[in-house]
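Here's the structure, in structure tokens; my notes come after.
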Amino acid sequence: MTPNSMTENRLPAWDKQKPHPDRGQDWKLVGMSEACLHRKSHVERRGALKNEQTSSHLIQATWASSIFHLDPDDVNDQSVSSAQTFQTEEKKCKGYIPSYLDKDELCVVCGDKATGYHYRCITCEGCKGFFRRTIQKSLHPSYSCKYEGKCIIDKVTRNQCQECRFKKCIYVGMATDLVLDDSKRLAKRKLIEENREKRRREELQKSIGHKPEPTDEEWELIKTVTEAHVATNAQGSHWKQKRKFLPEDIGQAPIVNAPEGGQVDLEAFSHFTKIITPAITRVVDFAKKLPMFCELPCEDQIILLKGCCMEIMSLRAAVRYDPDSETLTLNGEMAVTRGQLKNGGLGVVSDAIFDLGMSLSSFNLDDTEVALLQAVLLMSSDRPGLACVERIEKYQDSFLLAFEHYINYRKHHVTHFWPKLLMKVTDLRMIGACHASRFLHMKVECPTELFPPLFLEVFED
């Protein structure tokens, strides 16, 4: 036995040199099965991935024949053996595996289970990390092979020789220029996270932006409510041309001391009571034009009208606020200032109505939106004494849903338009409650003959 043969027998199986095969033969890599080497067509894969994979197989054949000097029979035996060992010892991978990988695709460097496309090659996590660390820390100049660079690299032997493993990474096509240093890697990771967050925001905005618009049934309901409002709204859209300003001297001379420190100008109060009766009548007519309202018992109709009348009249006045003259137009005909309305009997309630008018001026409400607001106020199921509470609540829900869908259809440019508009319902309910309290005091302070009968009928309990 020669010294060389004795030395060779002492080497591990993976470090033994093999006879040089016929260079014209195409040889397989150790550790890769027939199924892996003869994969199905990659037509369904990305074009770039197909080209890279084809290149990788050509490089593998060159590596096997020129570097490893393997015997063809040896290669076949080791391939089958390694594949069987791999299948026996394989553990189920619970990590993320990209969809572009074939089932059980193997690393082109060591034959372990691949986890993705890393640095232009399909590799396992181990070879990806080894290649990255080698480049980032410039370790390859310090690598050396004890066996003249002829080591076989598979998933068992890959940690035995760093030089041969790195050489194989290069030969199969792993790109050194794609490895980033720590600062660039952190910057890339930050950019990826920012892009993910951006996509999340865009998807959220897209889902929020997709808002339903009225159905055919809701359009019919909207049409009915709008027509009811237009038919009972004095002067319609021509109110500015037809309004008359209350003389400035009226409402400036308080005569009666009202509760809570307020003062009442009886002349102004007399003017307001003259227009209050037709204003109440129009609210009643509006309600009677709604089929849902007419289906309710008469007792419930009366309770709903008494509860919402001041709220609807206040809304109709508020949407006719004129910022230029700083006035509200009552019943479509009488323009009054804040002071005149306050001294005319409403006191602090007038401030709430004017403030509402100022805030609504930026909403640019159309007749349909005003009409639907009135319908929501009318169908308030929490009025004391109602019998058909559930039915009224159902009616209000129908109006609210149609209202919201109509707002989506209108596409207002005010931020959070719908919730802000719903808050105005709360403001109007507060105005109604404050007016009820104010009315009780006014009955005591003002002469009874100044109150119109319909006014007393609606606002008295």
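Cβ from N, Cα, C; glycine included.
Record features, source Swiss-Prot:
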| type | residues | note |
| --- | --- | --- |
| DNA_BIND | 107-181 | DNA-binding region |
| BINDING | C107, C110, C124, C127 | Zn(2+) 1 binding site |
| BINDING | C145, C151, C161, C164 | Zn(2+) 2 binding site |
| BINDING | R282, N331, H435 | L-thyroxine binding site |
| BINDING | R282, N331 | 3,3',5-triiodo-L-thyronine binding site |
| BINDING | H435 | 3,3',5-triiodo-L-thyronine 1 binding site |
| DOMAIN | 217-461 | domain 'NR LBD' |
| REGION | 1-106 | region 'Modulating' |
| ZN_FING | 107-127 | zinc finger |
| ZN_FING | 145-169 | zinc finger |
DSSP-assigned states of the zinc finger (107-127) in counts, ordered helix, strand, coil: 3 helix, 7 strand, 11 coil
Most crowded position, judged by CB atoms within 10 A, among C107, C124 as binding-site residues: C107
R282 (L-thyroxine binding site) and C127 (Zn(2+) 1 binding site), distance between Cα atoms, whole Å: 83
Chain-internal residues, separated by at least six, CB under 8 A from C145 (Zn(2+) 2 binding site): C151, C161, E163, C164
Overall pLDDT of the zinc finger (107-127), taken as the mean: 93
DSSP helix/strand/coil residue counts for the zinc finger (145-169): 8 helix, 0 strand, 17 coil
Spatial separation of H435 (L-thyroxine binding site) from C110 (Zn(2+) 1 binding site) - C-alpha basis, Å: 85
Those residues of the chain, 6+ apart, with a Cβ under 8 Å from that of N331 (L-thyroxine binding site): A234, I275, I276, P278, A279, R282, R316
Other CB atoms, at most 10 A from the CB of C127 (Zn(2+) 1 binding site): 30
